[in-house]
Structures are given as structure tokens and as C-alpha cells.
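The annotation active site, nucleophile is assigned in TrEMBL to Cys275. Here TrEMBL flags 10-15, Asp35, Arg40, 88-92, 129-130, Glu164, 275-278, Arg345 as NAD(+) binding site. If you look up TrEMBL, you'll see 160-164, 219-223, Arg259, 266-272, 337-338, Arg444 marked as substrate binding site. Positions annotated as domain 'UDP-glucose/GDP-mannose dehydrogenase C-terminal' by TrEMBL: 331-449.
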Amino acid sequence: MTVKSICCIGAGYVGGPTCAVIAYKCHDIKVTIVDLNQARIDAWNSDKLPIYEPGLEEIVMERRGKNLFFSTDVDQGIQDADLIFVSVNTPTKKSGMGAGMAADLAYIEAATRRIAQVSKTPKIVVEKSTVPCRTAQSMRTILEANSTGNIRFDILSNPEFLAEGTAIKDLLNPDRVLIGALQTPEGIKAQNALVGVYTHWVPRDRCITTNLWSSELSKLAANAMLAQRISSVNALSAICEATGADVDEVAYACGRDTRLGSKFLKASVGFGGSCFQKDILNLVWLSTQLNLPEVAAYWKQVVDMNEHQKHRFVQRIISTLFNTITNKKIAVLGFAFKKDTGDTRESAAITLIKSFIQEHARVAVYDPKVEPEQIMMDLTEPGVVDNRKQVEQHVQICSSAMEAAQGADALIICTEWDEFKDTELDYSKIYESMNKPAFLFDGRLMLDAPKLRNMGFKVQVIGKTELAGTA
Ligand SMILES: NC(=O)c1ccc[n+]([C@@H]2O[C@H](COP(=O)([O-])OP(=O)(O)OC[C@H]3O[C@@H](n4cnc5c(N)ncnc54)[C@H](O)[C@@H]3O)[C@@H](O)[C@H]2O)c1
Ligand SMILES: O=c1ccn([C@@H]2O[C@H](COP(=O)(O)OP(=O)(O)O[C@H]3O[C@H](CO)[C@@H](O)[C@H](O)[C@H]3O)[C@@H](O)[C@H]2O)c(=O)[nH]1
């Protein structure tokens, strides 16, 4: 079967870029991305797209109105398609059984029920969202129990591995595309149909075909293993700080072993993003449900170490600033969870700034891509009376790094934006404008610390001590 018309339910960070790239690479396929969120769809149809991702705008502008469409008419989108990506959010449950760990599958279920209710022709339904292992089984049951007439649904799992900030690059040149299906003749036929979409631009040997459950679990496994590397190197950074070893040197020495490889070994203020924590907790919950408590505890430690890393950094800042930051001005450079994205979900900056507010510091934040209102929303605890007012009293949002640093006691690098590099930003001018001693905390290991120390800064770097390498 050849796919001619695709509908993607969910116009978010995954649905938008993924299906825009499919439209860009497959001119023979009509791609419609639908969402219930009118404002989001309006933004996709405007000049200012709802998400920032390098290269995305060019692709959307080139295909929009030709074979790429954005709409709130979910039912029409479903009816017109022969293949439907379900790319809705699967956040961690906030209440009820598994609260704080299990994935909230309510959006998946609502989208699946909608597909069942309005479909008039056979559909291939593809799980694009990250879901617990065996979710496809529930989707099949819902589809079969609720469809009108004898419509055939084939379910595939096709998890997405793009990273934000490099989404378009990752989609255009993926390490692999994973497609899971029931290993029945019909399942394999549907699997081949989706392989046929990707092979418009992805070499066939990079399209991995597996059974449904392996595909679902591989997504959680890949994220857990990636995050585990970061927690491992962050755990080592604490040992480095206490011994005089240098975490960059240790990571480099380990990463040169081809069995380990060099990627994802950068120590940091802690990993953020909407996926790592959520997906590991999802795996922890799955293990718990499967009565595998030791396995659950093993993966949980990856998240615990990440929390520890953030708190350790805050403690180091406070103790360096003579054990009090009350009324001191702390300039935070970067609020997004990584560079080249405006996404702030689970960003380490949120935890840090909340701790600074609790210590009664004054915080000045600058991020080149995050909207001021997003920062205020992220820092405000929902449901806590007057909390927004308190945040507004303590936090100033600035339009440049220079402005944030003016009169500050400490400068904290939270996100590794290129414009914060010491080759880009005028740190000597920043030094002049700060209170003395002028402290600089590099949470991303991106600055030339000796050079900045020569300017007069008191520099502290994660996983390093000033006297590293000396006796
Ligand atoms: N963000 C990433 O980098 C990334 C990468 C890989 C996988 N994932 C996974 O992909 C999924 C989507 O993530 P995201 O970051 O794009 O989420 P998102 O919140 O940005 O987007 C999800 C969209 O789905 C819409 N939606 C929810 N229910 C709907 C319904 N019933 N009908 C129509 N629209 C509906 C929401 O309005 C929202 O716009 C998640 O499972 C996530 O874990 C995310
Ligand atoms: O060596 C490293 C690498 C990353 N990070 C941090 O880890 C977080 C996540 O980074 P990254 O993985 O690059 O971005 P995500 O967009 O969260 O992508 C991850 O999560 C996605 C959602 O599931 C997956 O699709 C991707 O494959 C997976 O990399 C960020 O805060 C990074 O700063 C580090 O601290 N050190």
C-alpha cells in the first residue's frame, strides 16, 4: 500500500517539525497537522511559528499551502487520511494512581476514540507519542470497540528520537527510524507502508522494523540510557570538585574508549527538557507495575542524581557568596533547557531560580528565545496565593546579558547559548558593571575560566576546582 494522505494529531514540538519534514520530502503526500488548540494552529499558519527550531521556518514556508496544512478540524483531518500519527502530549500524571511517575494517557485515549468515531475508511494508526510499553494494545481495543462499521485499523509504533534545537537536522538525517508492528501479514503490510514514507529520504537500512512492544520499550530505553550517561558524568563531577580531577578531562579520557563513545558525557547543571525525566519515571512505574522493584530503583537513581546535581550547584553558589544571597543580585544567563530552543520544560534554571527566590535574592534573567511571560509562568507555583506577586517582586526579566549583569553579585550560566561564549560576549565590560567580588558560575563548562579569572572574576565551574592539576 502507498500512503497518499497523512494526518498528524498534535501540532506540538514533535508533530509540527516531524510532519513538516515529511511534507518537505514527500511532495506526493498530503500532510495535515491538526490540533484542538486554536492559538497554536493560528501560529502555525502565521509568520511567527509557535516553536523555535533552527531550519523549521524555511521548511514550513516552502510547503505550507502546497502539501502541508494546519487545521483545527480534527475530524476532517482523520477522515481524509490513510495514515494517522498520534503525536499528542503524554505528560507525567499529576494525581491518582501512579501520580508523579506514570504517563497520563488521557490525550492518547481521547485522540484514539476520535479516530474510532469518525473514521469511514481503513486507517494505519501510528503511535508517535512516547508511551508505556503495550499502549498499542489499549489503542487497538478502543479502536475495535468503538468504530462504526467494519473498518480495519492497523497500529504501528514509530517513536520519535529528535532532540530539540537540532530537530530538523535529526529528522533530515536520522540515525535510525524505528517502526514496530504486530508480526502478522496485515501488520507487516502496514509497517512496509510507513517504511515507504520514510524511504523517500532515509536509507532503507536505517529503518529498523521490530515487533510493537520492542519499539515502544526502545524509546523509553534510549532516553533512560542517554540520561543515565549524564547522571553518571554529573556524579563524577562531584568527585572531581572534591579531588582536583577535571570532569572534562575525565569525560574525554573515558569517551575516547570506542566502547563508550564521546557523546552525552558533558557535565552540566542537570538535564532538563520535557522527555528525560518523564520517560525515566514512566520506565520506573512500568517496572514497579511489573513487580520489579530493584529495576525500578535502578532507573529512579538517574533522576535522583539529576535533582542532586541541581541542589549541589545551588549550595555551591550560596556557600561561595559567603553563605547568604539575601538581597544580592543574581544574574541568570539562559532559561531554556538547552541552547537553540525556546522550550523551558523541566529546565534546570527553574529549580535554580526558585531556590534563589526562597533565599530572598533578587534575580535578573536573560534568555535570547524564551518569552518573558513563559519565564513568569514557569516560576509561579500554580494555586499558591500571591505567589505570582512574590515572583514579580524578586525577578527581573532582561533583554540582554549585559543588562542582567549590571550591578549583579554573581553571574550564573544556565544554558549554553553560543552568544554567552567568552568569544561573543564582552566579559570585561560585564566585569566592570558587576558588584565586587564578581562571581561567575559556569553550569555548562563553556567558558575559558583562566582567562576570566585574569579579568578579575571569581570563577567556579561544575566538576572543576580552581586549583585543579596543582599539588
Ligand atoms: N518534545 C520532544 O522533543 C519530543 C521528542 C520525542 C518524543 N516526544 C514525545 O512526543 C509527544 C508529543 O510531545 P510534544 O513535545 O510535541 O508535546 P506538545 O505538548 O508540544 O504537543 C502536543 C499537542 O497535542 C495536542 N493535543 C492533545 N490532545 C489532543 C487531541 N485529542 N486532539 C488534537 N490535539 C491534541 C495539544 O493541544 C498539543 O498542541 C509526547 O509523547 C512526547 O513525550 C517529544
Ligand atoms: O552531554 C550532555 C547532553 C545533554 N545534556 C542536557 O540534557 C538535556 C536533554 O538534552 P537533549 O537530549 O539534547 O535534548 P532533548 O530535546 O530533551 O532530547 C532528548 O529527548 C527527546 C524526547 O524524547 C529524544 O527524542 C531525544 O533523542 C533525546 O536526546 C538538556 O538539558 C541538555 O542540556 C547534558 O547535560 N549533557
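In case you wondered, yes, glycine gets a Cβ from its N, Cα and C as well.
These numbers come from a predicted model, not from an experiment.
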Listed binding-site residues adjacent to ligand 2, that is, members of Gly10, Thr92, Ala267, Gly270, Gln277 whose C-beta is under 6 A away: none
Euclidean distance between Cα atoms of Asn223 (substrate binding site) and Gln277 (NAD(+) binding site), Å: 9
Among Tyr13, Gly270, Phe337, the binding-site residues whose C-beta sits under 6 Å from ligand 1: Tyr13
Thr92 (NAD(+) binding site) - helix vs strand vs coil (DSSP): strand
Per-residue Cβ crowding (10 Å cut-off), top of binding-site residues Tyr13, Phe337: Phe337
Candidates Gly10, Tyr13, Asp35, Phe337 (binding-site residues) with Cα within 10 Å of Cys275 (active site, nucleophile): none
Around the Cβ of Gly270 (substrate binding site), the count of other Cβ atoms that are within 10 Å: 29
Residue from Leu220, Asn223, Phe337 whose C-alpha is spatially nearest that of Glu164 (NAD(+) binding site), among the binding-site residues: Phe337
Around the Cβ of Glu160 (substrate binding site), the count of other Cβ atoms that are within 10 Å: 23
